[in-house]
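**Student:** Sharing the features that TrEMBL gives for it:
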- Ala270, Pro271, Thr272, Gly273, Ile274, Gly275, Lys276, Thr277: ATP binding site (BINDING)
- 235-491: domain 'Helicase ATP-binding' (DOMAIN)
- 257-598: domain 'Helicase ATP-binding' (DOMAIN)
Amino acid sequence: MKTIGNRYVVVDLEATSTGSKAKIIQVGIVVIEDGKIVDHYTTDVNPHEPLDAHIKELTGLTDQRLTQAPDFSQVARKIFDLVEDGIFVAHNVQFDANLLAENLFFEGYELKNPRVDTVELAQVFFPELEKYSLPILCRELGIPLKHAHTALSDAQATAELLLFLREKMAQLPKGLLERLLEMADALLYESYLVIEEIFRNQSILSSPDLIQVQGLYFKKTAAPNEPRKLSQDFSKNISLLNLEVRERQESFAKEVGLLLKDEPVSLIQAPTGIGKTYGYLLPALSQVKERQIVLSVPTKILQNQIMEEESKHLKEVFRTDIHSLKGPQNYLKLDAFYRSLQENDENRLFRRFKMQLLVWLTETETGDLDEIGQLYRYQHFLTDLRHDGNLSSHSLFVTEDFWKRSQERAQTCKLLVTNHAYLVTRLEDNPEFVSDRLLIIDEVQKILLALENLLQETYDIQSIINLLDKALLEEQNKVQQRILESIRFECLYLIEQFQSGKSRKNILDSLANLHQYFSELEVEGFGELVRYFTADRDYWLEATETSQKKIQISSTKSGRILLSSLVPDSCQVLGVSATLEISQRVSLADLLGYPEAKFVKIEACRKQDQEVVLVKDFHLVTETSLEVYAKEVSDLLVEIQAFQQPILVLFTAKDMLLAVSDLLPVSHLAQYKNGDVHQLKKRFEKGEQQILLGAASFWEGVDFSSHPFVIQVVPRLPFQNPQEPLTKKINQELIQEGKNAFYDYQLPMAIIRLKQALGRSMRREHQRSLTLILDRRIVGKRYGKQIVASLAKEVTVKTVSQSEVDETIDKFLNEL
């Protein structure tokens, strides 16, 4: 074999399948020398067997065309001559290299080339991307891909990707490339050769945009630009943002402006789809001159969304100084990461993840780990790398520490964006956080849950078992040993009972036993757990968001925390939502502790682009087993998938979602299985999958604006669980006040949640959606009439049988 220099041979194969019996049907080769594409070659190959329909559709190849193509033996010499003296490059190199090597071997040629995988290189050098398939990389990086799954076109795109990667590497400091090369054994095959080539040719000149501290390279922080003055005229500001002036948005903004002038505490309700975010931000930024504006939104997902969309636009046009603040655990702790780099970790994926982080540090301005595209894949590596909110004066990174920087920026920026969970936690510790500021709370009704979470404590049961195991090895007192063993047994029993779905009585008995055992425990290091398990509280078990096998035990203190008790009087408060009215006898202002708050309502217009369809003869959810109901929902989704429109399915419970996902025979995205909410939203909006199964935040915390048409499916009416702590407490309060907890609170809240769900796909003008409600209680129960009457004020509501669903969808689609 001749000496290998900077010659790369980029190969893509199309085959009859991806399995071990695959046969080559098309070859595409692109040759790169000295950083330039110098040659290309392509040929069809006769597999001597018919193609599957799927392969025909994917590649555009036909049996007739391939019968006229040469056998592989006729082109093997040409292919070997092209690839012999180069570094073999492919996107997912294992498949292409192994298949080509096998076919060449049978013709007497041995392929020993070093291999480079552009998938893995892209993961390292583009850490903020969420998917690394060739079409998605081409779209994100602006690389042409005219005919995907055509061998030469894919090879050409992969070659352009390799050149893009080399260019990205060349922009990095030589010291960083050297560090990456030291860790490059974490890469499969010989992908390090590309980094090595760039390192050899790289000058030692430092980048003007980066600083180096302790061998780590950081992006220099730029000072905020001098802000431009906003007009007092809302329509002028909107026009400067290159957005259309909307009458209802302008009316909303006018009301916000009046409230900001005169009211210390106010609540404003406005319908979805009118552009509320700009509707409150622009008046606030134009009127509130001397004070800081703090904006709190329900979830980190919406916080990220605002920073990526509205905030980005405001920065570009008005140079507004905007900062996003989250809890410390969202940021990388540099000291911990630095220590991890000194350790020779045996886990290849963790070493590769550290390579990604080294590259990411040169790009991030915030250190917010949410910026990393596939973070969910590395959660178990992050436990020791997340910031804990503490910074030693002896830290090697006192100046660069991301959490410290974020705190400092939070003090000086004009607009601070945060989330409800962080806001109430911060207010509990330090109410001065919002003193003399304007606090805007979007989806203000959701802050009730965040306040309730302040009263809750949660422990991972397996972590308790691990602590017990350690104590049992050290404890000498026989009586205390037996108590530790008894506690361990009850913890294991709780996990077994919960996972098997056994009776609630067994779990309650076990919790009572734990109460007794912990009251007798005197082992050092268990003080917090003794206090927790011996308190007079309600306890419950639940699986974590990330794993059905990881079981948590939670408890809540009695009573409720009112927002008014945390917010100082010097803070002006504006609460915003599409759904603030609960019922005639229950006021959100009262639940927040602001009975005197000014309330303004922007009336909702009837939506002509939305339709709600009630399926009157679907299985009755309260009298059908989970398995049977999930199968019925799955069958319906398969049926309506034929319309080739995006389908969002909104569940009220995790177990139902997972049951449907397990039964659904078509490709789809599912919460709890395919990444976090933010990533799922992006993938669904980009059209990666037609069906998305979601719960929790998907009811009200995620907006879908990219799809012109969406079918939404609601398998079960969104009543709150009466055993859920916040609902239970409010129900008890209302009963004590002589009110009807169901009709005055639970039913109105279910209606509110349904309306919020309708708002997920009404984010812009002319967006259309059809919502199927499968829970037939809405047509069979007395309270169902109230739900229908409330929905009918805003959208068209139809009742159909299950056999008429397809016809109804088809008719609505044809009205487009």
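Heads up, the Cβ atoms here are built off N, Cα and C, so glycines get one too.
All TrEMBL annotations are machine predictions without curation.
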**Student:** I'd like the number of other C-beta atoms within 10 A of the C-beta of Ile274 (ATP binding site), please.
**Tutor:** 22
**Student:** Residues other than Ala270, Pro271, Thr272, Gly273, Ile274, Gly275, Lys276, Thr277 within 8 Å, Cβ to Cβ centroid, of the ATP site?
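**Tutor:** Apart from Ala270, Pro271, Thr272, Gly273, Ile274, Gly275, Lys276, Thr277, the close residues are Arg248, Gln249, Phe252, Gly279, Ala578.
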**Student:** If I restrict to non-local contacts, at least six residues apart, and a C-beta distance under 8 angstroms, what lies near Lys276 (ATP binding site) in its own chain?
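**Tutor:** Once residues fewer than 6 apart are set aside, Lys276 (ATP binding site) is near Gln249, Phe252, Ala270, Asp442, Val576, Ala578.
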**Student:** Using DSSP reduced to three states, classify Thr272 (ATP binding site) as helix, strand or coil.
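**Tutor:** Looking at the DSSP assignment, Thr272 (ATP binding site) belongs to neither helix nor strand, so coil.
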**Student:** How does the model score the domain 'Helicase ATP-binding' (235-491) in terms of mean pLDDT?
**Tutor:** 94
**Student:** Within the chain of Gly275 (ATP binding site), which residues six or more apart in sequence place their C-beta under 8 angstroms from its C-beta?
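**Tutor:** Looking at Cβ-Cβ distances below 8 Å from Gly275 (ATP binding site), excluding near sequence neighbours, one finds Leu243, Arg246, Gln249, Phe252.
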**Student:** With the cut-off set at 10 Å between Cβ atoms, which of these binding-site residues ends up with the most neighbours? Options: Pro271, Gly273.
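**Tutor:** Top count of Cβ atoms within 10 Å goes to Gly273.
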